[in-house]
Structure formats: structure tokens, C-alpha cells
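Single-structure report; data block below.
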Amino acid sequence: PLYRECLGRCERQNCSGAALRTFRARQPLYMGLTGWTCRDDCAYECMWLTVRLYVRGGHRVPQFHGKVSPEGSGGGKGSPLFPLTPPCSLQWPFSRFLFFQEPASAFASFLNGLASFVMLLRYKAAVPPASPMYPTCVAFAWVSLNAWFWSTVFHTRDTAVTEKLDYFCASAVVLHSVYLCCVRTLGLQRPALISIFRAFLLLFLACHISYLTLVRFDYGYNMAANAAVGLLNLAWWLRWCVRNRPRLPHVWKCAAVVLLLQALALLELLDFPPLFWVLDAHALWHIGTIPLNVLFYSFLMDDSLYLLKANSDL
């Protein structure tokens, strides 16, 4: 009630008529360009007023519906590879930096994207296009880059549109990781099978997005679907790594990545107020995935070069 009363009062006083024109005249250009409105600013100020009163009264730090957006979007999402977050739209308060709504998560997402881009360039420089896995690995890199871009945008400015783009692109990476695994373990010898599997995954992604867009944006369903596919991905890669460890020494990199990603996913189960009002469990998760991105691309590079050599020896 305190937050809602503050929000209603602030909107009445500042978001219409001459007060709104004054707000727009004083608002920094970068805030206007990134879509921050008078109502958003009221929500942000009222959020912190509520937090101060709760803390002063000896209560726990409150959570808010959809961060500082009055409409509320929120929800949870893990890594583009293996999402695992409780389906809840309540969010901790974050201290805004410039126009960045969640500075730590936005910066960590940007660093993940940068790491992916640098490793893509290294992959393309080291691996000839003749390698059997080259097109699949390059496609995976671009799908991942797209997901990290929208993750950065979403944590910079949480809206209904950026939230959906973030979630949908993350789902695309999860499915493409399964596709990558299938191509490596089965598809090089069975191209017809991989074509059928690719069509199935595309159909699944289309149905997944259609349901969340046209029927209901269900956080619980989204988490369950992505977690199930992520666990399939984990089991499939690990089984292949264990079976091929004696003849492929580089598979330890792949096994380490999938196991450490699952361990990092446990961070998402920790629900604590952000440290210094910027660093929460989700931001720590994103920070932890940066070196794992580098290690996984290193595995793809080693494996692609191995396959190229194996083909040339035939």
C-alpha cells in the first residue's frame, strides 16, 4: 500500500500538465532516449522511499513487482545455455546507474557477449571452413551473441518487449546447444537424421514462442521447458564426453563447462538483496559464465581441428 500510494501521488503531482513539461525539460537526454518516462521515474523514487521506510522500521528489504516498472514484467531467467530460475515476478530493488536499470547484470551480459565475439573471431581464424563442424559452430556463436545482446538490453531497460526478446533468444541458444550436440555426436554420420531433428527443434521453438506470446507469458512453464532442455543437453554432452575421453583429450573442457554451468545455476536459488544495491545472485551468475564461454569456444576450436585432421587422414 505504501508504494502504491506514493506512486499514485507522484503521478498526480508530476506526470501531467505543466509538471510533466517541466519533467521532460529537466530529464537528461540519455534517459529520454532509453524510454524512461515520468511514471517510471515516480516508480523508481517510490521504490527507494519504500525501501528506506522498511529498513528504518527493522523490516526485511521488500521486493517489487517487475522491478521499477509500474506495470511489472519481471520474472527469472538463467543463462542462455541452462536457465534455472524460480518463476517469480518479484524483484529486488536495484540502484540505477545512468540509464542502466541493473548495472551489474547489464555489464556482465555485455562482457559475455564480448567474450563470445572475441572467441568467434579466434575460431574463424584458427579453423578452416572445411572442418565438418565449422558452419554449426559459427551459427551457434551468432545465436549466442544475439542472446547476450538482448540480455544486455533487457538488464539495461526492462520492458515487456525487451523481456520477451531476452527470454526467447535465450531459449534459442538452449535449443541450438542441443542441436550442436546432436550434430557432433550423431549428425556427421547421419545427415538425414540431423535435418529431421533441426526441423523438430525449430517447430518446438516456434510453438514455445507462440504460446508465451499469444496465450500466456507463463514464467513457470518457461522455466520448466528451458530447464528440461538444459538437463537433456547436460546429460547428452556428458555421456559423449565420458565415452570419448580416452581418445579425445580436449573433451574435458566441454565436461567442465556443462558441469560448472549447472553448479553456477545454483546461484539463482539464492535469493538475497543486492549487495551495494547492484550485485545480486543473477549478476553473479552472469559474471561466472564469462570464463565458461571462453572455455567452451576453446573446446569447439580443438574439436573442429581434430575433426579436420581426422578427415584428412582418411
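Numbers run from 1 along the shown chain.
For all residues, glycine too, the Cβ spot is worked out from N, Cα and C.
Note that the structure is predicted; figures quoted are calculated from it, not measured.
For reference, TrEMBL has these:
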type	residues	note
TRANSMEM	104-121	transmembrane segment
TRANSMEM	133-153	transmembrane segment
TRANSMEM	165-183	transmembrane segment
TRANSMEM	195-213	transmembrane segment
TRANSMEM	219-238	transmembrane segment
TRANSMEM	250-270	transmembrane segment
TRANSMEM	282-300	transmembrane segment
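With pairs at least 6 apart in sequence, the transmembrane segment (104-121) and the transmembrane segment (219-238) have fewer than 3 Cβ pairs within the 8 Å limit; the two do not touch. Only sequence-distant pairs (6 or more apart) were considered; of these, fewer than three Cβ pairs between the transmembrane segment (195-213) and the transmembrane segment (250-270) are under 8 A, so the stretches are not in contact.
Below 8 angstroms of C-beta separation, residues 80, 105-106, 109-110, 112-113, 116-117, 119-120, 123-124, 127, 162, 165-166, 169-170, 172-173, 176-177, 179-180, 183-184, 188, 286, 293, 297, 300, 303-304, 307 of the same chain, each at least six residues beyond the ends of the transmembrane segment (133-153), sit close to that stretch.
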